[in-house]
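J.: Got a structure for you, written out below as structure tokens; questions coming shortly.
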Amino acid sequence: MVKKKIAISCGDIQGIGLELILKSHKEVSVLCEPLYLIHSELLGRANQLLTNAYEVKPLNAIAINSPLPSFNSSTIGKVSAQSGAYSFESFRKACELADDKEVDSICTMPINKLAWQQAQIPFVGHTDFLKQRYKEHQIIMMLGCPKLFVGLFSDHVPLRAVSQLIQVKALVQFLLAFQKSTQAQIIQVCGFNPHAGEEGLFGEEDEKILKAIQESNQTLGFECFLGPLPADSAFAPNKRQITPFYVSMSHDVGLAPLKALYFDESINVSLNAPILRASTDHGTAFDIAYQNKANNKSYLNAIKYLSQRL
């Protein structure tokens, strides 16, 4: 069977991304044909910081159109506008290759959002960039593993803004797009307010969620969406036995239980996009950068997910 070609953006080089690339290359090469979007000298420098623990020569790396950031023992673990600009250009190039069908999919290493901001990148993160690049598609952030997947109706927005986003029409569009992308037959939807609103006692948002669920099920012709469920008990073991697929109105309500249960193995997937993209479900981990402590399970699971897609 022909291996899938996967473009791998480098993420913020001051974090654990390059350690993950170097320590996982042999396993990744069994699963796919990786193409690393980074200057090869930066990989060599990363290996030196890791006491030359890994083999660099076999890696297929292509230089990107960006100045090399400062990168040495005094810069690692620190926010840098240079590194932010470099990580963005690596990601942008990966998307370009996927658009041009030169690769089958892309896998992204973690970036530092503050570094992007300091580099004056006008996007909060990977998903925000994809939403702007592919405006005609409703890009959905889904995180998880086969035991539990959570789709986020809102992602990197202030919690105070989520209430205004919960509108029946927008939520119906989201629910139907999520079901189409996952092909899940049962999806549990978390409520927004305590006790899922207690029939309107604690706010009107959950009444809107209920109406969106009813309209979505009617459109599908079967009872796919269940809820809104009180979020404080939605992820109880007996609930997770019903289905691994959930929808959360806000970022932390869905991701707190996911990361408590499956932090090391979860991945981040961009659904409903014209290109296939997956990522690690963790950040740059500046505090352990270049200490040979990075856990590569999430990265390998992201590669496995991409390599198994049609």
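Along the chain as shown, the residues are counted starting at 1.
Keep in mind that glycine also has a Cβ here, set from the backbone N, Cα and C atoms.
These came from Swiss-Prot, pasted as-is:
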type: BINDING; residues: HIS126, THR127, LYS259, ASN268, ARG277; note: substrate binding site
type: BINDING; residues: HIS156, HIS195, HIS251; note: divalent metal cation binding site
J.: Where ASN268 (substrate binding site) and HIS251 (divalent metal cation binding site) are concerned, what is their Cα separation in Å, rounded?
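T.: With distance taken Cα to Cα, HIS251 (divalent metal cation binding site) is 13 Å from ASN268 (substrate binding site).
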J.: Within 10 Å of HIS156 (divalent metal cation binding site) (Cα-Cα), which of the binding-site residues HIS126, THR127, LYS259, ARG277?
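T.: Those near HIS156 (divalent metal cation binding site) - Cα within 10 Å - are THR127, in sequence order.
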J.: What's the number of neighbouring CB atoms sitting within 10 A of the CB on HIS195 (divalent metal cation binding site)?
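T.: The answer is 15 other Cβ atoms.
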J.: What's the number of neighbouring CB atoms sitting within 10 A of the CB on LYS259 (substrate binding site)?
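T.: Result for LYS259 (substrate binding site): 17 neighbouring Cβ atoms inside 10 Å.
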J.: Take the C-alpha atoms of ARG277 (substrate binding site) and HIS195 (divalent metal cation binding site) and report the distance between them in angstrom, rounded.
T.: 35
J.: What does the structure give for the C-alpha distance between THR127 (substrate binding site) and HIS251 (divalent metal cation binding site)? Integer Å is fine.
T.: 13
J.: Quick check for the class: what is the C-alpha distance, in angstrom and rounded, between HIS251 (divalent metal cation binding site) and HIS126 (substrate binding site)?
T.: 15
J.: How long is the line from the C-alpha of HIS195 (divalent metal cation binding site) to the C-alpha of LYS259 (substrate binding site), rounded to the nearest angstrom?
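T.: Cα to Cα, HIS195 (divalent metal cation binding site) and LYS259 (substrate binding site) are separated by 22 Å.
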